[in-house]
């Protein structure tokens with residue numbers, strides 16, 4: 001899906017010193033250019049903001065400064081392989097903007113909404129979006145709140161990274177998706193155990209066709225594992241209103 005666009009020399013890429021992470025330099029060179037192309041300068045500015053303001057405000061730990069490219073930006077942006085042109089994407093529990101902002105940088109055709117409940121994170125996200133000049137909406141709220149769906153509409157894709165277990169992610173994501181929309185959850189090495197543990201709850205919430213896919217296998221030393229599932233055509237649950245109580 002990505003096209004390599006040569007926007008500078010090898011030496012110019014080397015000037016982006018924070019690119020050098022746990023991956024081999026040649027691998028980073030290929031991955032960065034393949035994913036970000038002519039928007040590499042925007043990605044670098046985002047990395048700088050994460051390394052400074054993001055860490056200062058506690059959105060990331062200080063030990064993350066030397067692995068922002070491989071662990072965070074590339075890890076997030078490769079999910080774009082699974083997205084269609086013009087997809088309407090919601091990043092649930094966006095935090096410091098991961099994976100939503102790397103996706104928006106790599107794929108400006110996407111319509112990205114960052115959904116985050118905490119004010120300090122929302123403030124950071126809005127500052128970053130303004131600084132980078134991105135066409136991205138930041139919404140302060142929780143996925144389970146009814147007004148959130150009214151605000152952002154039905155999305156094609158709900159993405160998340162290190163937010164919650166699959167049962168909760170499914171509960172939060174389904175109401176924000178159009179029928180047939182996709183949930184893309186970046187997960188770790190215990191992904192199959194997690195699916196086995198939560199598959200019945202996921203199905204009861206309307207998730208169908210649960211599968212595990214790998215992104216970035218051609219150019220990342222550690223490809224990214226993603227749980228992909230769809231919102232069923234018939235079973236769709238609306239989020240609860242804030243303050244509503246169940247009646248017996």
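Cβ from N, Cα, C; glycine included.
Per Swiss-Prot, S-adenosyl-L-methionine binding site is recorded for 93, 98, 143, 144, 161. Taking all protein chains in view, 23 other C-beta atoms sit within 10 angstroms of the C-beta of residue 161 (S-adenosyl-L-methionine binding site).
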Report task. Taking the Cβ of residue 98 (S-adenosyl-L-methionine binding site) as the reference point, list residues of the same chain whose Cβ is under 8 angstroms away and which are at least six residues distant in sequence. Result -> 72, 76, 91, 161
Query raised in the report: In Å, how long is the longest CA to CA span across 93, 98, 143, 144, 161, which the record gives as the S-adenosyl-L-methionine binders?
Result: 20
